[in-house]
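To start, the structure itself, in structure tokens.
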């Protein structure tokens, strides 16, 4: 494999040559492994009980900026520029409208950088690039702006329980803001976390439990022993190792591009095409499993990511986990796949777009997701197809699922069929996301005669779809009801804050799935 140029450090060029991997990818992996070691040191030697929050913020920020400079060189200045200007917007504009200005600026700045990268670097280059971390920073900037707006401008009765739990009641200092955006644990691969969760972790309030007093009103706070993340980190590193091994061996022998190979299209039977489509997209996922699971392990190693205890008293370290591999691979619906893939991004889309949209929230959410991902036409083809598939799957599920719930044998048959259909539909939908360009994407869809597009349109035309009632008041009630459903799920999973996490210990923790931005 040919090596690629980099704007970052070339110190690891010999390792890049030896492994035949692009220098950008080598820099990324080595920096993440360094961040893992730094996280362990951070938890042991800079624990909140003996180190001030100021020191923890400074160290986390400086280490993050160093890793960014090592990987991306002077392009890392974009992280500071984007964060700095956004902070100035918050201070100057004020809490009433700053969320709108921050949203437009951060997303616009990200888009300009993505357009620039496409023309500076080779089109379609998949090695690490500086716009990747900017995508996470954009999520943090916009999320925090909305949380401050909710906490400092809107009335409590106007907020959903989720918004109330995430609301920030004071303006963060510049150091806190930079630490949240650029800390070493998440600057290279995220994942997104709420500002309140991050500050709670830095200040060491992660393990403070609340207990009602004897009168039932007074709340007594006490500190619970800090649980060890070692088992969770070890398990996640094992997943990383297996994912990386799979990516370096099997994935390279099953390229997605082969789906549009002229000889393959001309000679392969339809069953062969369907099977290869599924297998090639299955083989494309381990690199995401590796990057996101490693990022989660780094945060856990630093002591961040704890969200309470399960019913057996075992610590749970999935507060900011970004995926659930088993649920992804066993998904029996489009929604189930999306609920468990890139979880934190789905929550971001829900919080800043879906539950705030005044009309067509599903379409608006997919459009925002496409803009956020980048400027390659394949992204837009994937998300446009995704809108159609989501609406069609929703209509199918609401119209026929209840006929297959009993007896168990019929339910099993239904699950097998829906698993097959879901995996094919997901693979069909995301091919342009991997191919990136318009021409190969249309080559693929035309080779399949746009069959799933046509099927989706027919489903929407022929099956009755529950329509949203008209009227402003009715719409507001529907939006509030939808938000409450999200919030009940999120609260039970401890997503809002560590104080929520503590209360979860006394609540039902057996809810199996999380509501994402595409909740029906």
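The backbone N, Cα and C atoms fix where each Cβ goes, and this holds for glycine too.
Given the ranges 26-46, 89-109, the record in TrEMBL names 26-46 as transmembrane segment. When the ranges 366-391, 470-495 are checked against TrEMBL, the one recorded as transmembrane segment is 366-391. Beyond the transmembrane segment (447-465), the same-chain residues lying 6 or more positions past its ends with a Cβ under 8 Å from any Cβ of the stretch are 259-260, 265, 273, 385, 388-389, 391-392, 394-396, 398-399, 424-425, 428-429. Within the same chain, residues 6-9, 24, 27-28, 31, 34-35, 38, 42, 46, 109, 113, 128-130, 133-134, 137, 175, 178-179, 181-188, 202 sit at least 6 positions outside the transmembrane segment (58-81) and bring their C-beta atoms closer than 8 Å to a C-beta of that stretch.
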